[in-house]
Every structure is written in C-alpha cells, then in structure tokens.
C-alpha cells in the first residue's frame, strides 16, 4: 500500500459495505433492545493498534513479553467496571455475554447439576438452559415461568421449584422481560436451598450502573453481562463478584479454561465505555431510556396493541401481535421493508412456533442515544403501526431518522 493509498481504496468491497451499513444505521430506526450506538471514542479504541498485541494471562501475569501497556489498559477497565457496579472483583476478558455465562457455569457447577432459570418463551435467554444451547445440553434444567395472569415472575413459584428440585445454581435475569427483577428475593430463595445465585444483567446493566434498576451485586454471588446494549460499549462480556474466591475460580475458567489471548483492543473500548457510564450525564441517558420505553408502551396501547405485562420498568417492551393476525416473523419482514429494525419474540404460554414467535420485542436504548424523547415515541409507534398494516412508510422513516444524528 502506498502512502497515498487509503485502506478504503485498497479493499473497496469491504469498505463499500461498511459505508452501506453506516447509511443503513443513519437512515433507519433501530429498535432492537440488545443494540445501541457506541461513541466515536469507543470505536476509536476498538480500532486501535492494541489489536496487534497478544496477551495471554492477566495484568502482571502474562505469557508474552511487551504487555506493560496492555496491562495498564486492562487494569483500567477492571478498576472502572468495579467502581461502576460496586464490585470487589471483575473479569473483563470474555468475548461475549454467552462466553461470560459459559465461564460462570464451568467455574462454579459440574455437568449434570441442576440449574433453575427462566424459560426462554417467558423471557429468558438461550444460555439459561435452552436445550439447543450448551447450558441445556450439559446441565439438568428446570425452568420457571411468569404468572399467566400478570405475566410477572412469581417468586412463590420460583421458591416452590427451588425447594422441589434443589438446584446448584439459580439464574436471575432475562432477555425479554420488561419488569424489574427482585434480586433480593432470589437470593433469599437461593440461601434456603444452598444454591449459587447467578444474575445475568446483560440487558439492564446500563440501567443498574445509572441507579435506575436495583443492583444485583449486593445479592448475587456472581453477575455477568454484555458490554453493549444499555451500557453503550463494544460487543463483549464482563463478570463481577464480591466473593474473591469465586472470582479466582472464574478467572481460571476464562483463562486458561476456554479462552486464550484476550482482545485488548476491545477491552480498551470497554474501558472507554465504563468511563462514559461513570459520568453524570449517563444517569440522564438511562433515565430517558426508561421514559421512552414507557411512552412507547402507552403509545401502542392507545393504538389497540396488547403490551405483555401491561407495560415496562426498563428499556424494552414486548407486543402481542396475535390480535392483529401477525406473528414475529411476518412483523419483522414488514418493518424491515420500511427500515425499522426490531426482533421477533416468543410470548408466555403462546402456541406459536418458537421460530416465528407471537410478538415482537422493542427497545429504546439506540433511539435514545440519538436524542429522541417521549414525544418522538408517538411518531415511532405511528410509523410501526402503519407499516404493520401494510403501508409504505419508508420515506417518512428516512426523513424522521435523519433529524437525529448518530454519535
């Protein structure tokens, strides 16, 4: 490559696709609850020369030389995330939320042990025991469900199942549950049966960091999370605990247990995101995320849609589309055609095939990052409603989205 030749002109195929993706993000409405937009600083750190450095091990205990700088980078990420969540110990090396969960399982329980987690169709996650996932293949899984009338987690049912099955681990956490989680109640039940309480806060980590959702750490033995979603960081995982002995076991499970060299450029980006989340303005952001989700839920109810559990306490809501004669797959296609991105969702006690889902999950982290507030949720609900009814609203979506710049 000559000094005058840029990477974009050398590999036009990839960089043209990157430009197309940037335009897709700019001109559309991103309502996938697990997606967000990072700051330019996060992207710059992730695209830095740190990607060149191999650093098996942990700060001060590496297998390779030349790690004195990345040691400081990783330690800064550790220190910041501990401050953010009030943790005594942290591991910032997991490549994803699922790999963080895998490390927790491998470190703390044995194959064949019983795990009590939220049923996927009721709002849980694949790694909480779904039979197609490692968690469902390696462990004996007992699923708890929401109350059929309130669609809230019924702690009396959780307690009954815990005493009946005596799990080694109880998982508190979800990927499509719109209400606050009572971590204190989960810990009380875990103590009654001698179980480890594992909190998966991947979706609500940013809300917890901002003080807008109860913190899991005073109650859970171990906490894992992604670093994107409501935290607005790069795609990756973290594990936290106030128990240093458990932390040491998990460190060994991450390395050398199942990962080799950590991605220090991603860890640097995590550190930047943690620093941003420690600023006062992040609290304002998290508060607005929730306000927007609640406003969006009300806007859909006003248009005749049923919102699962009747509303939301966090960043997401689930719409039941059965009364509209739609399922998640059909709705996703109609909205995609209008540059509105969402994810299909299963519904509690639904008979629709899990591949299609009876509803859709909507989240407000990304649109809030772009500066949208409650008044704009009415516009979004109107655009979605009309698109679901078969209208072409693509031009309106582009015009509306163009008013809100990406970070």
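Backbone N, Cα and C define each Cβ position, glycine as well.
Here is what Swiss-Prot records for this protein:
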type    : residues           : note
BINDING : 120, 124, 125, 126 : (6S)-5,6,7,8-tetrahydrofolate binding site
MOD_RES : 229                : N6-(pyridoxal phosphate)lysine
SITE    : 228                : site 'Plays an important role in substrate specificity'
Rounded to an integer, what is the Cα-Cα distance in Å between residue 124 ((6S)-5,6,7,8-tetrahydrofolate binding site) and the residue listed as 'N6-(pyridoxal phosphate)lysine'?
16
Please report how many Å separate the Cα atom of residue 228 (site 'Plays an important role in substrate specificity') from that of residue 125 ((6S)-5,6,7,8-tetrahydrofolate binding site), as a whole number.
16
Given residue 120 ((6S)-5,6,7,8-tetrahydrofolate binding site) and the residue listed as 'N6-(pyridoxal phosphate)lysine', what distance in Å do their CA atoms have, once rounded to a whole number?
19
Applying a 10 Å Cβ distance cut-off over all chains shown, what neighbour count does residue 124 ((6S)-5,6,7,8-tetrahydrofolate binding site) have?
24
Would you mind listing, in sequence order, the residues at least six apart from residue 229 (N6-(pyridoxal phosphate)lysine) in the same chain with a Cβ closer than 8 Å to its Cβ?
33, 34, 35, 36, 202, 203, 205, 206, 315, 365
Let me spell it out: for each of the recorded positions (120, 228), count the other Cβ atoms within 10 Å of that residue's Cβ, using every protein chain shown. Which one has the most?
228
